[in-house]
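Colleague: According to TrEMBL, the DNA-binding region annotation covers A:37-56. Per TrEMBL, domain 'HTH tetR-type' is recorded for A:14-74.
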Protein chains: 2
Amino acid sequence: MPKLWTETVEAHRRAVRDATLDATAALVAEHGLAAVTMSRIAEETGIGRATLYKYFADVNAILMAWHERQVMSHLHHLAAIRNQAGDPGQQLEDVLEAFALISHEDHGTELTALLHRGPHVARAQQHLQEFVQNLLAEGARAGVLRSDVAPSELASYCLHALTAASSLPSKAAVQRLVSVTLAGLRPPLH
Amino acid sequence: MPKLWTETVEAHRRAVRDATLDATAALVAEHGLAAVTMSRIAEETGIGRATLYKYFADVNAILMAWHERQVMSHLHHLAAIRNQAGDPGQQLEDVLEAFALISHEDHGTELTALLHRGPHVARAQQHLQEFVQNLLAEGARAGVLRSDVAPSELASYCLHALTAASSLPSKAAVQRLVSVTLAGLRPPLH
């Protein structure tokens, strides 16, 4: 098959897949998880039910794929934020604030509990842990962050501390949480 | 009924209840959740199966009661530790370290996930939040802790940060986590 044809088919498949994920997320947000069926999703996406089943086995598989796309987009967002910031201290501050805001918006719902059982979540957490760990190591080398505790332990500390953002009432409270968490990362006074 | 009789009956009931909880916890620890039945628990406790059913409806109810007793004993332990320590700063440090060690020992197992759905857990978390919040308010008044962020927000921060202890490899790592978390609570430098 000519290359253009393959590329077009591939682009079409991605578009159908993306449209399915968007439609499913919108339906679940509007009607709740229990009310959403494969027929309803096919109708909303504007594809046949048989076609939908060629892409996904069930609603659960679509939700997992949707969540994986969300998680990947969060990770890309955090990487972009790091690349925009200047020195290691500023990079860490901006990344931790962005992570806390994601946690703040991602309230612990029934859906969250379901989605977080997916295998992609463990992979993403591992990735996030390493990403923050590298920022902490750079900050320690630059002398702006503490170097008396291993970056891996500091990464666990700040990722756990910032999940408190999910139950905070406002963005201002999230920013205070970030500044308190960062205070724990500064070099101790001697 | 004479008072002595009522008291004796009450003491007997508590003893049977406690023995049932102990036996169930031991059986689950040894054989796993799926292998434990009401008959097995009755046999191990040394009471009749019919008697056991007068106390508890099923294995799940026994496990919930066992976990509630565990959680209450942790809260009492933390209160005792606060009462032993001197000034507010020391009280907070000792309580947070004890909490982190409890989290460290309470690894996230299948059983933990089940038990944490019980309504007693939400109550205990609320109690713990208020308990730590009061210590933080006292520390702020004494000038040893920061007063620029509300004690309720600081309590969320440190309880979340310290749950990182559940995945740390050693008690030394837990102690470093406590000291990093405490550093976030000190008055900021001007």
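Backbone N, Cα and C atoms are what each Cβ position is placed from, and that goes for glycine too.
TrEMBL entries are annotated by machine, without manual review.
Note that the coordinates shown come from a computational prediction; the quantities given were computed from them, not determined experimentally.
Could you place these features in context, so I can see how deep they sit and what lies close by?
Modeller: Each residue in the DNA-binding region (A:37-56) gets a DSSP state, and the totals come to 15 helix, 0 strand, 5 coil.
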Colleague: Mean pLDDT for the domain 'HTH tetR-type' (A:14-74), as a whole number?
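Modeller: Mean pLDDT, the domain 'HTH tetR-type' (A:14-74): 91.
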